[in-house]
């Protein structure tokens, strides 16, 4: 087992990475202070790992209940969030009840948001079961739900007590979900660590084959990078925005097609292709680096051509973005691997990128 720490002073927490961790009682025990635990999971994950988690919690002598949500990005909304609150209230959960998010990014984001809101804040633990959630969404305290007009526009910054990333859970992940997680690994290397990006290029096939050593290194290094960024800028006042490379275009794709049509990581992968194209058009990135970026995204079996939503639709969707200010779209662009720029772009350049990268 490897442990990475997120250094946030008195709100610091560990990220435990390894195989077989869901069943390890001692990883949960230090973080559960009250008399009850509510597991939040979904209809796909509960049959796979719910019993193992409940068995791990049993020796603690806590009252354990489970809320099972429908699976998918399409359910990341108020109605599904209320299912969590319904369960907490029905079970008479109190301020010391610990929520445990068992699932991917949707479960983690919604459980964290519920924890932030219920009784104005109860503790929660992340147990991410997808590669995307292990390398990205479970770390850093971003929680929330989608709105029909924009992704993740309603939420809170609320840190977990711990992240327990069991890479053994990745063996049951569908291929599309695995690729979606590799997209976030690629993003992390591209924005923050050129050597890690080199490693990803050399090992993308090992990741595709789910080789445990490759997966463990990808999760570890991604978490190290994200932990350092979050420690420096917890509430996305500046530096943390670089983690949104590929997300301005990607969120527009998700909202434009309807949440769930493309996986989040698929949209981010294609969004990075689009951001790379725009980076070259603005004279920030060299063509050879753009080609390397596109090649590794394609090698991860991610889409590299965006849906043709129309220029006006893309622009409208990108203006409904957390980075936008006074309606001005902000992009995270590459200067070189490991170096980014947060900037606006002329509409003509954005239109040229859309013409080049959409079907």
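Numbering starts at 1 and runs along the chain as displayed.
Positions of Cβ are set from backbone N, Cα and C atoms, glycine also.
Swiss-Prot has this to say about the protein:
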- 71-76, 105-109, 129-130, 142, 151: NAD(+) binding site (BINDING)
- 184, 247, 264: Zn(2+) binding site (BINDING)
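Features recorded in Swiss-Prot, as mapped to the structure shown.
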residue : record              : Cβ within 10 Å
71      : NAD(+) binding site : 18
73      : NAD(+) binding site : 20
75      : NAD(+) binding site : 21
105     : NAD(+) binding site : 25
107     : NAD(+) binding site : 32
130     : NAD(+) binding site : 28
151     : NAD(+) binding site : 25
184     : Zn(2+) binding site : 25
247     : Zn(2+) binding site : 25
264     : Zn(2+) binding site : 29
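Rounded to a whole number, the distance between the Cα atoms of residue 73 (NAD(+) binding site) and residue 264 (Zn(2+) binding site) is 8 Å. Every protein chain shown contributes to the tally, and the Cβ of residue 109 (NAD(+) binding site) ends up with 25 other Cβ atoms within 10 Å. Of the chain residues outside the Zn(2+) site list 184, 247, 264, 132, 136, 137, 180, 183, 187, 246, 250, 265, 267, 268, 271 have their Cβ within 8 Å of the site's Cβ mean position. A distance of 12 Å separates the Cα atom of residue 130 (NAD(+) binding site) from that of residue 184 (Zn(2+) binding site). Ranked by CA distance from residue 184 (Zn(2+) binding site), the binding-site residues 75, 105, 109 have 105 at the top as the closest. Cα to Cα, residue 109 (NAD(+) binding site) and residue 247 (Zn(2+) binding site) are separated by 16 Å. In the three-state DSSP assignment, the secondary structure recorded for residue 247 (Zn(2+) binding site) is helix. Residue 107 (NAD(+) binding site) sits 20 Å from residue 247 (Zn(2+) binding site), taking the CA atoms of both as reference points.
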